[in-house]
Every structure is written in C-alpha cells, then in structure tokens.
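Per TrEMBL, domain 'Cation-transporting P-type ATPase N-terminal' is recorded for 57-131. TrEMBL lists 111-128, 140-156, 301-322, 334-359, 851-874, 894-914, 926-946, 958-978 with the feature transmembrane segment.
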Amino acid sequence: MSSLAIAEKYNTSFKQLKFHPNFINVCQSKYRRESLYQLATKMKPKLPDSAPSTAKPWHSLEIEKALAVQKSNPDTGLTSKQTSELLHEYGANELQEFGGRKPLSILIDQFTNIMLVMLMAVAVVSAILDLRSGDFPKDAIAISFIVILNGLLGFVQESRAEKALAALKRLSSPRVRVLRDSKIFELPAKELVPGDIVFLETGMQIAADGRLLEAQNLQVMEAALTGEAEAVHKDSTLHLPEDASLGDRINMVYQGTEVVQGRAKMLVTATGMQTELGKIAALLQSVEAQPTPLQQRMSQLANVLVTSSLALVAVVIIGGIVRTGSFQHFDQLLKVSLSMAVAVVPEGLPAVITVTLAIGTQRMVRHQALIRKLPAVETLGSVTTICSDKTGTLTQNKMVVQQINVSSNSIRVTGDGYAPTGTFELSTSNQDKNIKSIEPKDYPELEQLLFACVLCNDAVLQKKHSEWEILGDPTEGALLSVAGKAGMQQAKLLNQFTRIAEFPFSSERKRMSVICQRRQTELTQILSAQEEYQAPDSQLIMFTKGSPELILELCTSDYVGTKSSFALNDEKRAYILEQNNQMASQGLRVLGFAYKPLDTTVPTTLLDEKTTERELIWIGLVGMLDAPRPEAKAAVAQCQQAGIRPVMITGDHQLTAQAIAYDLGIAKPGDLILSGQELEKLSAPELEQQVNQVSIYARVSPEHKLRIVEALKNQGKLVAMTGDGVNDAPALKQANIGVAMGITGTDVSKEASDMVLLDDNFATIIRAIEEGRVVYDNIRRFIKYILGSNIGEVLTVAAASLIGLGETPLSPLQILWMNLVTDGLPALALAMESPEPDVMNRPPYNPHESIFARGLGFYIIRIGIILGLITIALMEWAYNYTQQSGDPERWKTMVFTTLCLAQMGHALAIRSNTQLTIQLNPFSNPYLLAAISLTTVLQLMLIYVAPLRSFFNTHLLSLPELGICIGCSALVFVWIELEKLFIKHFRQERKITYKV
Ligand code: ADP
Ligand code: MG
C-alpha cells in the first residue's frame, strides 16, 4: 500500500501522513525548520504571496500529465529545435545578479558620482581649450584616465559586495547529464530548459527544479532550501495534494540541493530565476543594502568639496573679470578654475580607502573574524550594541549534567566531560548535608528519566582516539553521557525501542517528543528479560523533553515510581518550578522530562502535536552546566570599556541567563530582563522604550531577535547581532553587522551575515571591532592628510590669479600627479599605522557623525591655509626672482616642488595626533619611510630627467633653488609639531588647575 493510499484510507491530511510507521522511513524530518522561502517572506512581507500561486503545482500532477504539459518524452528527450526555442523563451538557467541589474548598469552608476562628473566636465572644457589653441589635450586625457580608473575601482568594489548572492549562485551545479534527441549529453547547467530530461547521481548538485520520473533510493539534502539538516528520501511514484509545502514535495527535486544517495531521472520544470532558489535569490536581493557610515560620509564629503570648488571657481572668474574690467583673459581664468577643480577632488582617495579596507579584512581573518562584506570593516568600529547568543558564543557549548531532580529527590551527578563514568549522589532535602552515593536502578523515577534521556535524543556519543565525543547537539550529548554514567547504553535501548514518530525540536517550540514502540521479536523479549533495567512496559510510549515550564504545563500527573502516577496538584507544581528556578539561578540549563503511554489502537497517522503532546506524566528535571568561555569575561569588560553595550539573547530560562550574565558582567542585579513572552505583548514603540535598558532577553525565539534589532536601530544604535540557525537569517540581515557562527552556524545564516566568527567566540567580535576602529582612525588620518594638501593647492592656484601673476602655477596634470602619487603613496602607508593607544578606551564615535567632526574639518582648513600661505609667499618671491633670469617659468616648478615636499613632512608629522614625531619609533611604520623616500625621488626625477621634464612641463632648478623649496616645505612639519607641543602644554595646564 502506498503511503498516500494509507493516508486516504484514514482520510487524514498529508501533514499527518509522515507519522505513519511506513512513512517515517520515507521522509523522516528531524530538524524541520522554516523554509528559506518563508524566511525571505519575513524580510519582505509584501512580495512573495503571488509567487507560489503562479507556479504550476507539478508535485500534484501525474508523471504522464507533467510530461504532456512540458511536451517532453522520457525516452528521447527534447529535440534540438524544441530546446533552442525554449532557451529563447525562458533564458539561460542562471541566477541573475543584482536583481536584474546588469554589470554595465553598475558600471554606469559609478560615473554618476558627483566628483567624477565634475572631473569629466573639467576634461571636456580642458580638451576644448587645448584643441582651440592647437595644443595636444594632455590634461584632458590624463583626467579621463583617472575618471575611468576610479569608476572601475568602484565597480570592482560593488561587485564584490554582493557575495551572498554569489554564494547562492555557487549552489547550482556547473555540468549536467541530459537526454536530448535520444542521446545523452553532458552540458553546462545554464543550457538546461524546462522539459529537459536530466539524470541524477549520488554527489551531484541539482541544477534546476524538476519532477522525478524515476528514482532509485534517492536521498536529497535540501538544507539550503528548507533548512532541514537530514537528507530527504524522494519518491517519484506519488502525486501529492496541491498545498503540500516545499519540504513535503517528495516527488520533486530543487535547484541548489544535493543528491547524497541513489539515482534518478527528472523532468525539468523550472530553470533560472523561476526555480525556488531563484525566487529566494530575487527576494534576498530586494532587501536593499543601506549605505554604510563611511559611504554616507564620503558622499557628504564629495558634496562639500564640489560645492566649495564651484564657489571658488565663481569667485576667481568673477574676481578676475572685475579686476581687469574685461573678458579678455576669460580663457586664462577658465584654465585657472579648471586647475582648481582638479585640485579639490581627492583623486587618490577611493583607491586608498579600498586598499585600507582590504588590509583591515586581512588583519581580522588573522583574528578569526572573516569579513564577508567589505564595508563592514569600518561599520564595526562604530558598533554601539552587541546582541550575542549565550549558548556557544559566550559559553563553551560543552554541556555536563550536574543535577537531577525526580520526585522529591535532588541528585548530584559527578564526573568530567562526556565520558560515561561518574557517580550519583543523593541529598534528600536541601538542608541535608549528608550526601550518599546511590545506584540509579534503585530509583524507578530516575530510571524512567534516564530512559527518556536516551530515547528522546538525536545525538550520538562515541569514543574516538580514547576521547569521548558527541555528534549532534551538545545538550543531548550531555543526556547520553549521564545515562551512560548509570550504565544505560544507547545502542541497547535502541534495540528494544523503535522510534516511529516524532515532533522535532525547534527554538520556537522549545521542546521535542518521540514516540517509541517496543520491539516485539522473541529475541528482544529474551534480551529484555535479562536486562538489568526495567524498561517501561507500554507498547507505545511518548517521551518529551524541553523547557521545564512548558513541559510542566502539558502535564496532568506526576510519576511516582512502580509505574504509577498521581494527579499533579498545585503544591507539587509550585515545588517543581521552585526546583527549576533554584537550578537555573546557579546558571544551569534545565530541561524538563515527561512521558505518556499511548493507545495502540489509535493509528499513529492520527497523532499530531496538539492532541498528543498533552496530558503528560511528569518525570523530573535535569540541570546541566555550560561554563562561560574563559576569555568571555575579559572581552565583556573590554567591550564596556570601549563604550559598547553587550546584550545577551538566549532561548534559555531567564534565571540561567541571569546567572551567566552576572558572572560575565553583562548585567548586574537590578537590571531589566525581558522574556520572549513579555516581549510578544509589547508593541514596537513600547519595545523601543525599553530596549536601551534591557541587557538580557530570555526564552526568546528567532523572530524576537528581528524585533529587538529593529527596535535598537530605531533608537539610533548600531547593532551587531549573532546567530546560527536558519531562522536567524532575517535578524542577521537586518542588523548593521550580522555575525554568523563558523563552526555551528548553518550556511543560510552565514550567507545572510556580514562577518563570520571562525571560532564562534564572543571575544573575536571585540577584536574585530578594535580592528574596525583602527581602520576608521587611519582612514580619517589620511583624509586629513590628503585634503589638507588639496586646500593648499587650491589656495595657491587661486592666489596666483588674484595677485595677478597672470598664469596658473600648476597644470591639471601636475595636480593629478600630486593628488595621486605624491599624496597617494604616503597616504597608503599611513593606512598601515598601528593603533593609537586609546583605541578601545573610548566610546564609539557617533555613526552619524560628519566626516569633519572632532576637529577634522578645522584641521584640514588650518593646515591647508598654512601650506597655502607658505607656498604663496614662496611663489611671490620666486616669481619676481625668476623674471630676471633666462628661464622665467622656473617659479612654477618651485611652487610644484614645495607643495610636494611639504606633504612629505606632513605625512611624518601626522602619524600621531598627540605624540611628537621624535617620540615615535621611526621604524614602526617602515612603509611610510619607504613611501616618502620613493615619492621624493620621483619628484626629483620630474625635474632632473629630461623626457619627464618635458612631459610634465617642469623646469630645471638649480641646487640653491631646490634648497629653498626644501627649506620652505620643512616649515609645514615644524608647524604641526609646534601645534602638538602647544596642545600638550595647554592640556597639562588644565590638568593642574583641575587638581587644585
Ligand atoms: P539557546 O541556544 O539560546 O540556548 P535554544 O533555542 O537552543 O536556545 O533552546 C531553548 C530552550 O529549548 C532551552 O532552554 C531548552 O529548555 C530547550 N531545548 C534546547 N535544546 C533542546 C533539545 N534538544 N530538546 C528539547 N528541548 C531543548
Ligand atoms: Mg541552541
């Protein structure tokens, strides 16, 4: 009898079908979680409703019907004529990137950047001016080259950012075996079309969605799509109800999933973006990435620069016209303003920032933090709140059972690690300090509890290289280990009982039940007769474990040994809850256990969660210790020192969470704790009011995490949120920094994240934040450096025109050279600067602060003016001095050289904001020394190598003239050092007055 026939016979829904004994083997689903599709729905609630209805319900069609719809033939395949038509109609079997945005349009988008637009305008005007006067448009070409380079850089960066999609894309297999024109071909997967007949084998990734035509023992891993960890057995012979969920469509296979066993032949039903994976890809893409703080600051910077340069251009042109009283020199004035526009734009900045971020990611990987999205590097530095999971991130995720409570007995368990050796000690009451060792089998309640521990369990405990280790959930591993300590072995028990159905664990349900049937063979009867332990004698029995409050609520009676039970009265309930609280407040993770004998006359197909998981018989409590990670306490302290608030989020009991949070210093007595239940009752504005005070969230489900992130973000916080499960993905995506677990995390959570902790460790987040801050400090450092120079250049060019020297001292080409090479190389080296000593002793900077905040704007203007004044003074003198000699244009080269060399001194001085350069170790940043030496040599080559001289329009300088340039440029260095001395002195004076 087919499973479907069985279901029809009992007239049950498909959902219940999977609990029939015959069917269990077919589609056993241990960790059924929400499907990716539902997840995507959560993120973008409006979009997906239409998606399932438009798709054909292939799973409900019979094979012949499906083939007829697709006009395909299982023995010959499609004809080549059909395939080329279909390929034309449906397109290549590929996931599209950027939600349909083509690479070309991304590239074009780069050139809408306001600074690049201005440069392009400059190039055009400059080309017209040059061509009109019959010159080669050298400047225009150089500028165009820089514009293109910048555009390409932005393009590369943006393409790299969408890694999540690339990961989804990698899930689809590259080559497939297809039947066409009665022949078998091996083709690239992207050539598949709906209607194709494809062969599947063990280990293959499935390249398109399809209806199975034949399947031999086919097992498919669908975790990528449904989040289900276990392989699903597929069956081609069924046709299913139309409303069967994705995970239940066992006559279908889906793109991006993997064949772990067996062989099959399928009819392709959907390709490319029409597949289930494609729909998810589209949804994930439609969640738009917000600009990072740095991106926002950069566009703000660009606006300021462009506006101020246009204003300057206006001043120069109008001023020039007014001064000369005619339009005669308009061309000349235009040239000056072009130079100024080029001088203002920091052409080297995008490249330097990209390189700095890349260096930051490399450093972070060395600290076990893998950055998946480049801008996250600098976002990290501004994080104000870290929401961290407790289990596994703050704790070690190595559970050891410490205490068991059954009836009125409190039993302590000793023994280290997972090894099944240790003792049980009884203290009858809390007051009784007289502890005695006991034999578990003398206590029927304990015995029943340990049975439940072993049977209601999906983990495996095994000895490997003389070490005991567990496969599966550490919580369950600890339960196997405690049963082992009582001499109860998993393998033996599984021989006696077959699991015929289950209601699996999920973070939402916070419980798990299994239904076991006693084996009826003679052999097991003989075996059980010899058993030391008295196994429960019902034929069909359900064991349930989970969050104690929840389980207790489902119970109506209490097991009291010798296979009898009493009704649970209020007093007993209160006692159990009190015991639970007492264990939890010691930081133990507590599980409650219950069982229920089931009526064998009711077919198991009729069992469902709601009607079965009730009227249970309470057995007892198990408390296990999951010790905090040794480094977590220091990391929490450092985190608070750095002005970042750590918040603990856990599915555990609030007292357990509290005990561990107190221990780690995340919260202190009196701090607000919010439970999932309480959170559910709060409206979004109410939650926002509380979210700044709450440091512990207990008994929460993954969807609560999303609400917490949203509330914090609405309160202006920059949130890092950890997660590992499939259902955590929306919260990770929503957080400013989504942090996934490298070891225990699912692929889905990793794909949704910005950063992956390779060691699952909270302390790693803090180290990554430190690196993020160093990166941001360094970015600010070279922005100061580069823009100070730009202002100096602009002022010099403007002054030349305003004091009536008649010509611009710097050509656009020379300015580009300065901005890219003589500023760019030292700026790159400044990105390697080691952290300032206080980097983790100060609060995070406001993520919304302007790039000019905290004195940066003032510094740029101040230093720009100093640099400008020094250069202008030199220019004035040099102009008059060179007029009398043979080569009257030498003054321009002296100005050019002074500006460049002054920047070398600036780079040296800017390494530290507070310490004098002589106080720093000159070799602690060897890159800077190298960059300064190289740049100086290059600058000298521009003057003393003839071909370069003619290309850059420079003039030969005598040694004394060069000496004067060097002398003038050194003044900038001296000035900045004097500033530092002054500030130091001022600060010290202030301190002294405070002391008095
Ligand atoms: P967390 O990972 O934050 O500790 P979980 O969602 O894993 O939270 O667990 C929430 C609660 O569900 C636990 O406190 C425990 O009571 C219960 N629980 C955890 N694991 C299991 C399991 N394997 N079987 C039954 N119940 C469990
Ligand atoms: Mg967990």
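Glycine too: its Cβ is placed from the backbone N, Cα and C atoms.
If you count C-beta pairs under 8 angstroms between the transmembrane segment (894-914) and each of 111-128, 140-156, 301-322, 926-946, 958-978, the highest count goes to 958-978. Proximity of the transmembrane segment (958-978) to the transmembrane segment (111-128) is not established, fewer than 3 Cβ-Cβ distances being under 8 Å for residue pairs spaced 6 or more apart.
The recorded stretches the transmembrane segment (140-156) and the transmembrane segment (851-874) do not share 3+ CB pairs below 8 A when only pairs 6 or more apart in sequence are counted, and are therefore not in contact. Cβ atoms under 8 Å from those of the transmembrane segment (301-322) belong to residues 113-115, 118, 329-330, 332-334, 336-337, 340-341, 343-346, 783, 790, 794, 798, 801-802, 851-852 of the same chain, restricted to positions at least 6 beyond its ends.
Residue counts for the domain 'Cation-transporting P-type ATPase N-terminal' (57-131) by DSSP state, with H, G and I taken as helix and E and B as strand, are 51 helix, 1 strand, 23 coil.
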